[in-house]
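Inspection log for the structure reproduced underneath, given as structure tokens.
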Amino acid sequence: MRENWAVVALFTLCIVGFELRFIHGATDASDTSALNTLFSGMHSPAQLTQWTAAAGDPCGQNWRGVTCSGSRVTQIKLSGLELSGTLGGYMLDKLTSLTELDLSSNNLGGDLPYQFPPNLQRLNLANNQFTGAASYSLSQITPLKYLNLGHNQFKGQIAIDFSKLDSLTTLDFSFNSFTNSLPATFSSLTSLKSLYLQNNQFSGTVDVLAGLPLETLNIANNDFTGWIPSSLKGITLIKDGNSFNTGPAPPPPPGTPPIRGSPSRKSGGRESRSSDESTRNGDSKKSGIGAGAIAGIIISLLVVTALLVAFFLFRRKKSKRSSPMDIEKTDNQPFTLASNDFHENNSIQSSSSVETKKLDTSLSINLRPPPIDRNKSFDDEDSTRKPIAVKKSTVVVPSNVRLYSVADLQIATGSFSVDNLLGEGTFGRVYRAEFDDGKVLAVKKIDSSALPHGMTDDFIEMVSKIANLDHPNVTKLVGYCAEHGQHLVVYEFHKNGSLHDFLHLSEEESKALVWNSRVKIALGTARALEYLHEVCSPSIVDKNIKSANILLDSELNPHLSDSGLASFLPTANELLNQTDEGYSAPEVSMSGQYSLKSDIYSFGVVMLELLTGRKPFDSTRSRSEQSLVRWATPQLHDIDALAKMVDPALKGLYPVKSLSRFADVIALCVQPEPEFRPPMSEVVQALVVLVQRANMSKRTVGVDPSQRAGSADTTSDYM
């Protein structure tokens, strides 16, 4: 009987405890109060399910984005939820167990709070609208390892004291308006591996970074001056858009103390004493040089003079026996005195052999010609008197790729007239070229910023590699020109222009892409990327996936243009990083480095364009809708919201299930974390299944430009 009463009592206690848990909550009271205040500061957004402005139980009720350990809140992750308002920060320091706070990619603004959770290890406030200076309160978060304030509206001098933040490994202040020199306390960041300061207005030198264990540094597009410390030259460094000195660094001014721990410090005392002793010895050691020393100098001069005379007599005698052909036979390499025309001998074209001229006997020398740096430019004065050894290129371009002259391309493009200008991209302008035989091609003039004039051999090698790409959805390279310092590539021409023009031009005609055609374009582009990523060996990272580089033929089949160009141009990464059109993956914006996964992200953005008809970044829209990814991503799994974001040009004519599955593929491709993005082969499979199901329940009404020409648009075209 007693045992039964014990069981009843225990059961009663459990019930009472359970009820008390709901009365008092499972969450620490101070944590709950802090989250209530934060919720109010963000205007009580509906997307934060379970959250309340008063009381509640964040841990017990599973508030969205909140992670707990026991009764304490340890993580808050609310990235990309279109949150607005401020941080309501006067209670944040109560979250003493919080180790991660991620509010990135929202519309939060105002100044940063005066106090932050004291034990944060990761703080991400990137891609918001925060203003003012970076709060000094960040100086007190000593456990901090990751801090990202990039893509905000901060300005002025950085007010943070970094002397206590020696655990910090990643720091991102990029794309703000910070000014003045870097804080001296940067030198205390002894664990810092990655630093992103690009696109600000910092000035002064970067000497304070010299002693840090950095592996990645991006300081592009600031006002830095001075010299790059030698310790930074062996890391991943992006520094364009500054005014750094390119010459050797000057020696330290007189009186500058030597670097701590350097050998010169150890010997300095002895040198100083020697100098002092010589001064104290008086005039006896300043009066002159001894007789023995004078005799030694005279004998040395006589020996050197005799050797010089003998050398010149020998050279003169030998030069009389030399014929002009002796010079040409040296090392079996032809060379000549250069005129104003520079002839280059490439094995890819038999007609481009080097002219060999006989040298005048009076100018003949029998010295082995020095190797010529192909990157070196010769001015007119040098080129009229110095022999130039021309390097032979051993790269062979496929025979079906034609070598054009500049004159040929000038005639075909009307001297590269504006009337024939098709577009302008990151690496140069593209012109329509019509040849005498009626053939129409597209000619791209590669800017010298992308490929300097002296790098013709590199250009030939690049052409050879791109010419070997062979896929029906990759624009074919059919010719090239390397003449007079110009580098041009010639592609097949597609009269319907680019996908960008179809989607974003105001003319009604450009809005006629029906749903099936959009899926067809997505699938064809995916197959092109699958070829580059998984068929080519080694894999090719395109780096420049965007709607402007997807050309459409008369049947609206997509052709990926400029494929491989960015992978082989030496300055491609730097040029691409200077312009962010909304296609760049988050990791590219942070590090400037491209990968197969960043290509997949960019492809996801193109799919969003096909879905919504919007540009990846549109400054004419409201702030919350300027970034297509940030605006669209939270709505991709909500069928009602999805229907509202579809391109109005479709006029509601699309299969709802097809639309939903299309959105699912997009969501996978634009995952913030690259490891969660699928390989292109899986993307292709998903789109193929989408097409197959569309064939069974086809619901497409509309007229494509191809249909106006008399050809029917059928889903079988993109099977």
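From the backbone N, Cα and C atoms, a Cβ is placed for every residue, glycine too.
Taken from Swiss-Prot, the feature signal peptide applies to 1-29.
The annotation repeat 'LRR 1' is assigned in Swiss-Prot to 97-118. For the repeat 'LRR 1' (97-118), the list of distant contacts is 28, 31, 42, 69, 72-90, 124-132, 134-135, 137-138, 140-141, 143, 148, 153, 623-624, 630, 672: same-chain residues at least six beyond its ends, Cβ to Cβ under 8 Å.
When pLDDT values are averaged over the repeat 'LRR 2' (119-140), the model yields 87. Per Swiss-Prot, repeat 'LRR 2' is recorded for 119-140.
Feature annotation from Swiss-Prot assigns repeat 'LRR 3' to 143-164.
Marked as repeat 'LRR 4' by Swiss-Prot: 167-190.
The feature repeat 'LRR 5' is assigned by Swiss-Prot to 191-213. Below 8 angstroms of C-beta separation, residues 145, 150, 166-184, 219-229, 231-232, 238, 577, 590-592 of the same chain, each at least six residues beyond the ends of the repeat 'LRR 5' (191-213), sit close to that stretch.
Within its own chain, the repeat 'LRR 6' (214-234) is flanked in space by residues 174, 192-207, 240-245, 249, 574, 577-578, 590-592, which lie at least six positions past its ends and keep a Cβ under 8 Å from the stretch. Here Swiss-Prot flags 214-234 as repeat 'LRR 6'.
Look at Swiss-Prot and you will find 242-287 (among others) tagged as region 'Disordered'.
According to Swiss-Prot, the feature region 'Disordered' maps to 322-355 (among others).
The annotation region 'Disordered' is assigned in Swiss-Prot to 364-383 (among others).
Sequence annotations record features per position, and here Swiss-Prot assigns phosphoserine to S377 based on a large-scale study or a structure entry.
Per Swiss-Prot, region 'Disordered' is recorded for 700-719 (among others).
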Query raised in the report: DSSP says what for the repeat 'LRR 1' (97-118): how many helix, strand, coil residues?
Result: 0 helix, 7 strand, 15 coil
